[in-house]
Amino acid sequence: MTKHNSCPKCQNQELLATEYQGETIDVCRGCGGLWFENMEVNRLIEEVNDGPVGECFSERFGDWIADTELACPECDEHMTRHHLLENFHVEIDVCRQCNGSWIDKEELEAVEKSPVLKETLDHLNQKISWKTYLFQMLTAMPVEYNIKPQSKPWVNWSLIAINILIFLTYAANDSSMHYVLDNYAMVANEVSHGEKLYTLLTATFLHGGPMHLAGNMYFLFVVGDNIEDVLGHKKYLMLYLLCGLGASLISMVAHIGSTIPALGASGAIAGLFGIYLVWFRNASLTFMFFFYQRKLSAAWFFAIWLGFNLVGALSGAMGVDYAAHIGGFVIGLGIGLATKEKVWKANPLVRLINSEFAQIKRT
């Protein structure tokens, strides 16, 4: 390999020409930093993203941070430090004299994903509008701002369809409703005595009314697609069923001896809430404070949701299975925390968007 100028970080370490993604770039064998000459960084981004990205990223780096003492490997001028993007504050060093860019080894992944990072952050940082306000005023349901899934959430859509179809088979007829509740809803007293154990799962596909169904299916629609996207179809289905089964077991223990039927997908969905909170902490959901709407972080949104459930459980309010909600949420939190690093490693965009470098605007 041909030797080039010295590394601006190591100073006494020469840069070596290396082939990377179809481009010849200069690499420091000491610190692993990379020097991109004029326009090389744009060609790299286009190569990694399978074609033109429509922007010259070396001319659209984020805000200037400071002048540095680092000498440009090409012209020896002092370089300036910039954020990679306006809303992604990885710091890179740029020579404005020769338009070269110095990228530290750990910054390379973010540089390569600049186009999708910019697109995703622009989406996450959208301001609420009259459309989101009107939607939440009419439905009392939040609007989500999160990473757009890269794959079709077939399992999530299927779960929603199955829940709706099952409800339609019995909802219009009282005798059908009673039959379903008697045979497929979970009764804690029965299950605790080893009877109808299958209802721990079947109960999660039943709903007591159209509003109960609509609320659960909307939240499943909101959080399920992102979780399925990062896990894959089979693992997502297994996770959903596990959360539902776990929530039913906790409900049974909390209401042991009760003869009141318990039903609904909310325990399983609460499990997804806990997972979503851990894996997608920079997502935002809108919340209505009377007539004032604002975006909240996933942590704040689900903290408020959990608070309502804790108050309901402690006050002994009837009609809602708070134990299933809280139990499912705790199960989801545990699963999310235990698997976060593995999931983020397999999904670099999710990891980058949820890193401290991503600047999320909620005002």
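Backbone N, Cα and C atoms are what each Cβ position is placed from, and that goes for glycine too.
TrEMBL entries are annotated by machine, without manual review.
As the structure is a computational prediction, the values presented were derived from the model and not from experiment.
As annotated by TrEMBL, domain 'Transcription factor zinc-finger' applies to 7-46 (among others).
Annotation comment: TrEMBL describes 72-111 (among others) as domain 'Transcription factor zinc-finger'. The predicted model assigns the domain 'Transcription factor zinc-finger' (72-111) a mean pLDDT of 88.
Sorting each residue of the domain 'Peptidase S54 rhomboid' (195-338) by its DSSP state yields 100 helix, 14 strand, 30 coil. Summarising the annotation, TrEMBL assigns domain 'Peptidase S54 rhomboid' to 195-338.
TrEMBL lists 154-172 (among others) with the feature transmembrane segment.
Residues annotated as transmembrane segment in TrEMBL: 197-224 (among others).
Away from its own ends, the transmembrane segment (236-254) comes close to residues 155-156, 159, 186, 188, 191-192, 199-201, 203-204, 224, 227-228, 262, 265-272, 275, 321, 323-328, 331-332, 335 of its chain (Cβ-Cβ under 8 Å, at least six residues beyond either end). The annotation transmembrane segment is assigned in TrEMBL to 236-254 (among others).
For the transmembrane segment (260-279), same-chain residues at least 6 beyond its ends with a Cβ under 8 Å from one of its own Cβ atoms are 163, 181-182, 184-188, 203-208, 212, 216-217, 219-220, 223-224, 226-227, 230, 239-244, 246-248, 250-252, 298-299, 302, 305, 321, 324-337, 340, 343-344, 350, 354. The annotation transmembrane segment is assigned in TrEMBL to 260-279 (among others).
Taken from TrEMBL, the feature transmembrane segment covers 299-316 (among others).
What TrEMBL records for 322-339 (among others) is transmembrane segment. Beyond the transmembrane segment (322-339), the same-chain residues lying 6 or more positions past its ends with a Cβ under 8 Å from any Cβ of the stretch are 239, 242-244, 246-251, 253-255, 262, 264, 266-279, 302, 306, 309-310, 312-313.
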Sequence-remote partners of the transmembrane segment (154-172) [C-beta within less than 8 Å, at least six residues beyond its ends]: 179-180, 205-207, 209-210, 213, 216-217, 220-221, 224-225, 228, 233, 236-237, 240, 265
Spatial neighbours of the transmembrane segment (299-316) far in sequence, C-beta under 8 Å, 6+ residues away: 142, 273-274, 276-277, 281, 285, 287, 322-323, 325-326, 329
Tally of DSSP helical, extended and coil residues in the domain 'Transcription factor zinc-finger' (72-111): 7 helix, 20 strand, 13 coil
